[in-house]
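Engineer: Here's a structure for you.
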Amino acid sequence: MFRKLSVEFLGTFWLVLGGCGSAVLAAAFPEVGIGLLGVSFAFGLTVLTMAYAVGGISGGHFNPAVSVGLAVAGRMPPASLVGYILAQVTGAIAAAAVLYVIASGKADFQLGGFAANGYGEHSPGGYSLTAALVTEVVMTAFFLLIILGSTHSRVPVGFAPIAIGLGLTLIHLVSIPVTNTSVNPARSTGQALFVGDWAISQLWLFWVAPLIGAVIAGIVWKIVGDDS
């Protein structure tokens, strides 16, 4: 179990450092920067690369919602959930801390949103609480369905990380304007702790909505999937 939790920590660390790091450090540099498209691909690439690197050890969850969804679908023992989630959250916080140290080394650094997730006035596009809730539930549910389907025994071995990484890229392309894209409570927690204030007060949604989406996906997969 120690090896599994260690790589969940490392995988989540890489997801936050690579994904949020691209948003904080490179999205607008130089001038236009990598923009929404680049940030979306960065998040997808972090999952793709670490799924290949360490997915064979822990399953490559890197996300509390993924762990919960897999448990509901019967793909992992519920007793492992607490350990996985703690490893993921601590990995995200550690990555946010490293990113803060790097970003604050720039003379004109301003904390701003620090890639935190938000709704209302803190939504990149000014979307409401309801829009944010629906977006996070639906996007997380489909992310889990992609994971559950692509890792099924019927699917050729070795292709799942590609489908999952591209799926996460697509999710970011759609939902960055709405919530800055969470679908991952650990990722949201790390950034919120450094932003504080509004990011902390809105953090509940980025736990509740992804977990609801994950549970829905797990139940749907038990109905339409074929894990027997």
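Note that Cβ sites are derived from N, Cα and C of the backbone, with glycine treated the same way.
Fair warning: this is a prediction, and the values are worked out from it, not measured in the lab.
Heads up, here are the entries from Swiss-Prot:
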- C20: site 'Involved in tetramerization or stability of the tetramer' (SITE)
- F43: site 'Selectivity filter' (SITE)
- H172: site 'Selectivity filter' (SITE)
- T181: site 'Selectivity filter' (SITE)
- R187: site 'Selectivity filter' (SITE)
- 9-29: transmembrane segment (TRANSMEM)
- 34-54: transmembrane segment (TRANSMEM)
- 82-102: transmembrane segment (TRANSMEM)
- 129-149: transmembrane segment (TRANSMEM)
- 156-176: transmembrane segment (TRANSMEM)
- 204-224: transmembrane segment (TRANSMEM)
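Mind running through what each feature is packed against?
Structural biologist: Following the DSSP three-state reduction, the secondary structure of C20 (site 'Involved in tetramerization or stability of the tetramer') is helix. Neighbours of C20 (site 'Involved in tetramerization or stability of the tetramer'), defined as other CB atoms within 10 A of its CB across all chains, total 27.
With a 10 A radius on its CB, F43 (site 'Selectivity filter') counts 27 other CB atoms from all the protein chains.
Of all Cβ atoms in the shown protein chains, 23 besides its own fall within 10 Å of the Cβ of H172 (site 'Selectivity filter'). Under DSSP, H172 (site 'Selectivity filter') is assigned to a helix (H, G or I) in the three-state scheme.
DSSP assigns T181 (site 'Selectivity filter') to coil, not to a helix or a strand. Note on T181 (site 'Selectivity filter'): other Cβ atoms within 10 Å of its Cβ, all shown chains, come to 29.
For R187 (site 'Selectivity filter'), other Cβ atoms within 10 Å of its Cβ number 32.
For the transmembrane segment (9-29), the list of distant contacts is 35-36, 38-39, 42-43, 45-47, 49-51, 53-54, 58, 60-63, 87-92, 94-96, 98-99, 102-103, 114-115, 180, 184, 186-187, 190-191: same-chain residues at least six beyond its ends, Cβ to Cβ under 8 Å.
Below 8 angstroms of C-beta separation, residues 7, 10-11, 14-15, 17-19, 21-23, 26-28, 60, 62, 160-162, 164-170, 172-173, 176-177, 181 of the same chain, each at least six residues beyond the ends of the transmembrane segment (34-54), sit close to that stretch.
Outside the transmembrane segment (82-102) by six or more residues, the chain places 1, 4-6, 8-17, 20-21, 24-25, 58, 61-64, 67, 76, 114, 185-187, 189-191, 193-194 with a CB less than 8 A from a CB of the stretch.
If you look at the transmembrane segment (129-149), the same-chain residues 6 or more away from its ends with a CB under 8 A from one of its CBs are 65-66, 69-70, 73, 75, 118-120, 123, 155, 160, 163-164, 167-168, 171, 174-175, 178-179, 181-183, 205-206, 208-214, 216-218, 220-221, 225.
Sequence-distant contacts of the transmembrane segment (204-224) (same chain, six or more residues past either end, CB-CB distance under 8 Å): 63-66, 68-74, 117, 119, 129, 132-133, 135-145, 148-149, 179, 182-185, 188-189, 192.
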Engineer: Using Cβ atoms and a strict cutoff of less than 8 Å, what residues sit near the transmembrane segment (156-176) while being 6 or more residues removed from its termini?
Structural biologist: 36-37, 39-41, 43-45, 47-49, 51-52, 55, 60, 124, 135-136, 139, 142-143, 146-147, 149-150, 183
Engineer: For the C-alpha pair, I'd like the distance in angstrom between F43 (site 'Selectivity filter') and R187 (site 'Selectivity filter'), rounded off.
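Structural biologist: Per the Cα atoms, F43 (site 'Selectivity filter') and R187 (site 'Selectivity filter') stand 11 Å apart.
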Engineer: Could you state the CA-to-CA distance between R187 (site 'Selectivity filter') and H172 (site 'Selectivity filter') to the nearest Å?
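Structural biologist: Computed Cα spacing between R187 (site 'Selectivity filter') and H172 (site 'Selectivity filter') is 13 Å.
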